[in-house]
Amino acid sequence: MIETITHGAEWFIGLFQKGGEVFTGMVTGILPLLISLLVIMNALINFIGQHRIERFAQRCAGNPVSRYLLLPCIGTFVFCNPMTLSLGRFMPEKYKPSYYAAASYSCHSMNGLFPHINPGELFVYLGIASGLTTLNLPLGPLAVSYLLVGLVTNFFRGWVTDLTTAIFEKKMGIQLEQKVHLAGATS
């Protein structure tokens, strides 16, 4: 009986110890990275000028290829996951859901060639790569295929989300903004 209670108590405190390890890992790992990326992104926005970024986003928003292919790729390569998603704030309301759909997937599809983008989910690519390595097959074609299929998929995710957003706009009787309007922005 004492052994069962002791084992239960050790398990219970072990739960909190493991939680502490995870928290410490986040405090020393992902949180400083995210804070640094936020600082750099905001510094770049201030350096370049918010109005210029808004105009660039507005131009990208006018074209589905740039909206769901170009901007997510550049944002993902430069700002990594999850900061690329925050670039959506420069999109008009009408395209924010679609941008998110395309950009969130680009964080996965670019991982094979650029592992810095999403190191937390690199295990998906590495799992497939380990099978090829076991078979003594090259990894280059896998990484390139992963990227190219991902780019096409990113575009279609954004485009299909555009269509579903239009359906919901019509059903709900609303019209989402097609221009960028940020608080405190000088247009």
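Every residue gets a Cβ built from N, Cα and C, even glycine.
Within the model, the domain 'PTS EIIC type-5' (1-187) carries an average pLDDT of 84. Residues or ranges marked as domain 'PTS EIIC type-5' by Swiss-Prot on the basis of sequence analysis: 1-187.
Annotation comment: Swiss-Prot describes 1-28 (among others) as topological domain 'Periplasmic'.
Residues or ranges marked as transmembrane segment in Swiss-Prot: 29-49 (among others).
Under the heading topological domain 'Cytoplasmic', Swiss-Prot lists 50-67 (among others).
Marked as transmembrane segment by Swiss-Prot: 68-88 (among others).
Among the features that Swiss-Prot reports, topological domain 'Periplasmic' is placed at 89-131 (among others). Long-range Cβ contacts of the topological domain 'Periplasmic' (89-131) within its own chain (Cβ-Cβ under 8 Å, at least 6 residues beyond either end) map to 30, 53-54, 56-58, 60-61, 67-69, 71-73, 75-77, 80-82, 139, 142-144, 146-147, 149-151, 153-155, 157-162, 165, 176-180, 182.
Annotated transmembrane segment per Swiss-Prot: 132-152 (among others), in sequence order.
Annotation source Swiss-Prot lists topological domain 'Cytoplasmic' at 153-187 (among others). Mapped onto DSSP helix, strand and coil, the topological domain 'Cytoplasmic' (153-187) counts 20 helix, 0 strand, 15 coil.
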